[in-house]
Amino acid sequence: MKYIASIDQGTTSTRCIIFDRKGNIVSVGQKEHEQIYPKPGWVEHNSEEIWKNTLEVIARARIEKSIKTEDVAACGITNQRETTVVWNKRTGKAYYNAIVWQDTRVDDTVKALTKSHGSQFFQDRTGLPLATYFSGLKIKWILDNVPGVREDAEKGQAIFGNMDTFLIWHLTGGINGGLHITDVTNASRTQLMNLKTMSWDAELAEIMNIPLQMLPAIEPSSKVYGNITSEVLQGIPLAGDLGDQQAALVGQTCYQPGEAKNTYGTGCFMLMNTGTELVPSKHGLLTTVAYQFEGQPVHYALEGSVAIAGALVQWLRDNLGMIQKSTDIEKLAKSVEDNGGAYVVPAFSGLYAPYWKSSARGVIAGLTRYVNKGHIARAVLEATAYQTKDVLEAMENDSGIEISSLRVDGGMVVNELLMQFQSDMLKVPVIRPTMIETTALGAAYAAGLAVGYWASFDDLLQNWGVDKRWKPKMKATQRNTLYKGWKKAVKRSFDWEK
Ligand SMILES: Nc1ncnc2c1ncn2[C@@H]1O[C@H](COP(=O)(O)OP(=O)(O)O)[C@@H](O)[C@H]1O
Ligand SMILES: O=P(O)(O)OC[C@H](O)CO
């Protein structure tokens, strides 16, 4: 068979990418979905729209190159993590919109649980500090606020899933016996899975008042789970499932302890493989599952999650109208020499790693009459690079490993100005591989390994190649001055919401 199909259900869009054995893209279908902001801090998606888009992008990817079902060896799936859907398994209907990972509505519960149990209690079991980010408290919010859900959950009719689970259930039969499963990487983002046992933690579920029967079965990330029943890929084995940031780690072939990648999409996520060793963080990172291939031990990762990166570029485009397309930002930013003293701290969902300040809110600091649109555009791009520096320092401190170069991917890495500035800030080379759709590729690798399309990791390592490398050029004094300014601006964003 010639190909592997991969579904990448991201925060802004859903893609289906068909890959060949060399890891090259054969065809792509992609569609954006609506971002719903009912109140400040709330972010939702319509899960029904995402399901329809999924079918449409698979069909588009196949039609583009007239790909026959019999040419597809397997399908993998990867997804925006943490985003939470609860639906009825008899009707297939969601009780409420999907609550997106960036949503901060459970902030009061975070504060109450921090008071009663302490954040460390949750971090010790799940690797995650108590925060609005993860799925558990989003499930609780739906159970507590949407009429009828709790009763149905107790009867075993209302079930929970992240977007992987929701799509797998639909793709494998839906109301006619769809699989209700997730993988270890997605489960590790719910704040309900015990990182040592890889199973749901009954005590955590009880604290959050979540009936255990609504949670999916936890599977490895690479395994034949079952066959797809939907017409668009009927009969194809569904054989890979990974959270998107973990999928990018697999797609970047970071299989050795100490290897790290940074993905620049809506948010920005740096993951370092720590092997089979679970490394607790003391510097504001998450300990998470990197992947598990069937029959092999779980591999862990340290993760620095940044909530807003490319989303800040979108905000400049959609909310301020300063650019028409995301790509326009580079030209605008290049119209000036530097940031003119301005800093943008995009604490739209509070600040994630390494700060974990849910009461922070966005600020633009350092304004004078000198500052123009170009400076703001530059400060917007720089914000992603500074946030990455914050995370990289924490990563080095936690792991004791000095990162000598950084593999990058995601929608923002086409921006050369950002990549050069990133290398300048980190003082290490930044490497963009030939294939930057590493998220979809990682899920394809998981599926392909499960069905023997690829024989081993060695096959995958050969597919990775360098497209471009940026080396640090900035003088130390300039780097230090700029970064000091960022740190000052970050402090200004703290404690905005009480
Ligand atoms: N040339 C560019 N410069 C900066 N940001 C960009 C550029 N092109 C796209 N982006 C940003 O990249 C993000 C999309 O990346 P992608 O990896 O597709 O995200 P996701 O997987 O989160 O949906 C958007 O937030 C967009 O604003
Ligand atoms: O959809 P992305 O690429 O922004 O990734 C979102 C992350 O998985 C959230 O944890």
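Using N, Cα and C of the backbone, Cβ positions are placed for all residues, glycine too.
Owing to the predicted nature of the structure, the values given are computational and were not obtained by experimental measurement.
Every protein chain shown contributes to the tally, and the Cβ of E82 (sn-glycerol 3-phosphate binding site) ends up with 26 other Cβ atoms within 10 Å. Residues annotated as sn-glycerol 3-phosphate binding site in TrEMBL: T11, R81, E82, Y133, D244.
According to its DSSP assignment, T12 (ATP binding site) is coil. The C-beta environment of T12 (ATP binding site), restricted to residues of the same chain at least 6 apart in sequence and closer than 8 Å, consists of E32, H33, Q35, G265, T266, Q314. For T11, T12, S13, T266, G310, Q314, G411, the entry in TrEMBL reads ATP binding site.
Counting every protein chain shown, the Cβ of T11 (sn-glycerol 3-phosphate binding site) has 22 other Cβ atoms within 10 Å. Per TrEMBL, ADP binding site is recorded for T11, R15, T266, G310, G411, N415.
E82 (sn-glycerol 3-phosphate binding site) carries neither a helix nor a strand DSSP state and counts as coil. The glycerol binding site annotation in TrEMBL covers R81, E82, Y133, D244, Q245.
According to TrEMBL, the domain 'Carbohydrate kinase FGGY N-terminal' annotation covers 3-251.
This prediction places the mean pLDDT of the domain 'Carbohydrate kinase FGGY C-terminal' (261-450) at 95. For 261-450, the entry in TrEMBL reads domain 'Carbohydrate kinase FGGY C-terminal'.
The 6 Å Cβ screen around ligand 1 retains T12, G310, Q314 from the binding-site residues T12, R81, E82, G310, Q314, ordered by sequence position. Within 10 Å of the Cβ of T266 (ATP binding site) there are 26 other Cβ atoms, across all protein chains. Only T11, R81 of the binding-site residues listed as T11, S13, R81 bring a Cβ under 6 Å of any atom of ligand 2; the order follows the sequence. Taking the centroid of the Cβ atoms of R81, E82, Y133, D244, Q245 as the glycerol site, the other same-chain residues with Cβ within 8 Å of it are Q80, T83, W101, R189, G243, F269, S305.
Put simply, G310 (ATP binding site) is 11 Å from T11 (sn-glycerol 3-phosphate binding site) when counted between their Cα atoms.
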